[in-house]
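**Q** When I checked Swiss-Prot for this same protein, it listed these features:
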ZN_FING   6-28  zinc finger
ZN_FING   34-56  zinc finger
ZN_FING   62-84  zinc finger
ZN_FING   90-112  zinc finger
ZN_FING   118-140  zinc finger
ZN_FING   146-168  zinc finger
ZN_FING   174-196  zinc finger
Amino acid sequence: TGEKPFMCTKCGKCLSTKQKLNLHHMTHTGEKPFTCTECGKGFSRNDYLKIHQTIHTGEKPFTCIECGKGFSINRTLKLHYMTHTGEKPFTCTECSKGFSTKRDLEIHQTMHTGEKPLTCTECSKGFSTKHKLSIHQRVHTGEKPFTCTECNKGFSRNDHLQIHQTVHTGEKPFTCTECSKCFSRKELLKIHQIVH
């Protein structure tokens, strides 16, 4: 029916069930009773823990019908699918650039405002998004949740793991438009292009 009779006394948000209200309360208390057995990271909800655990298992049950790329959660697949359809329903009021998700738009808008509302408790460095702060905090914690299946080397970021894996695969996806020489990393291509 769409009825949401349970209201949070902290922020006024209304939810449809008492259970959802209890889960929501954890966003205010910071309580994280669900813990990953692999890395010890805590979560406020069990479904968030299950999504996180796919980082360790490598499980990607949701597959894009266009390109065959696998995803650990259905929502990420739906967002990815927009790269094929070109759908960008969220538009920046400053520069008219379009985005496929509201979150991407919000992240982009911090470029215009220069806003960095999130601060690292360890070093006071400011960040525009929770995701960027979370990645940065691994510098302090030493957490490396992304592991190479070939050599077991750990990485703090997934993109760093993907770059590393080209050592094993021999893949060189970055090609020089001038001479067709291939490189495993974008930075190496940029250094090479100075020659031309």
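Backbone N, Cα and C define each Cβ position, glycine as well.
These figures come from a predicted structure and were not determined experimentally.
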**Q** Can you name the far-off residues of the same chain, 6+ from the ends of the zinc finger (34-56), with a Cβ under 8 Å from a Cβ of it?
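**A** Sequence-distant neighbours of the zinc finger (34-56): 23, 26-27, 72-73, 143, 145-147.
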**Q** So what's the average pLDDT for the zinc finger (118-140)?
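**A** Computed over the zinc finger (118-140), the mean pLDDT is 89 on the 0 to 100 scale.
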**Q** Which sequence positions outside the zinc finger (146-168), separated from its termini by at least 6 residues, show Cβ-Cβ distances below 8 Å to it?
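**A** Sequence-remote neighbours of the zinc finger (146-168) are 55-56, 58, 135, 138-139, 184-185.
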